[in-house]
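Everything on this sheet refers to the single structure shown next.
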Amino acid sequence: SGSCSLKTCWLQLADFRKVGDALKEKYDSAAAMKLNSRGKLVQMNSRFNAPTIHDLIYIDPSPDYCMRNESTGSLGTQGRLCNKTSEGMDGCELMCCGRGYDQFKTVERERCNCKF
């Protein structure tokens with residue numbers, strides 16, 4: 001009869017946090033590579049499994065994010081505030097890069113607009 005059927009597929013992005021966590025995991029397990037004498041990419045450390053098409057690889061190592069580096073735009077971590085009780089990215093152990101850190105307490109007063 002000349003009629004057409006229309007099928008629409010909708011794709012939705014995954015949760016931003018999940019995407020970020022997955023990328024960070026791949027970054028942390030990326031394989032170091034080098035060019036051999038024939039110009040072919042080979043793995044730097046043959047003790048590890050060869051990377052698959054789903055793995056990240058790199059030739060140049062990442063900069064030291066702990067230190068200020070104007071050429072890469074890294075501000076470093078020196079002088080930043082950290083959270084002593086956190087084991088995450090904002091934690092002092094990770095952020096201070098083994099340099100140690102000073103501790104201090106602050107008292108903050110805020111108007112809470114409480115009504116009694």
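The backbone N, Cα and C atoms fix where each Cβ goes, and this holds for glycine too.
Feature annotations, courtesy of Swiss-Prot:
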- Ser1: O-palmitoleoyl serine (LIPID)
- Asn69: N-linked glycosylation site (CARBOHYD)
- Cys82-Cys97: disulfide bond (DISULFID)
- Asn83: N-linked glycosylation site (CARBOHYD)
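Overlay of Swiss-Prot feature records on the structure.
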{"residue": "Asn69", "record": "N-linked glycosylation site", "CB count, 10 Å": "13"}
{"residue": "Cys82", "record": "disulfide bond", "CB count, 10 Å": "15"}
{"residue": "Asn83", "record": "N-linked glycosylation site", "CB count, 10 Å": "12"}
{"residue": "Cys97", "record": "disulfide bond", "CB count, 10 Å": "14"}
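Secondary structure from DSSP puts Cys82 (disulfide bond) in coil. If you take the Cα of Asn69 (N-linked glycosylation site) and the Cα of Cys97 (disulfide bond), they are about 15 angstrom apart, rounded to a whole number.
Distance between Cα atoms for Asn83 (N-linked glycosylation site) and Cys97 (disulfide bond): 14 Å, as a whole number.
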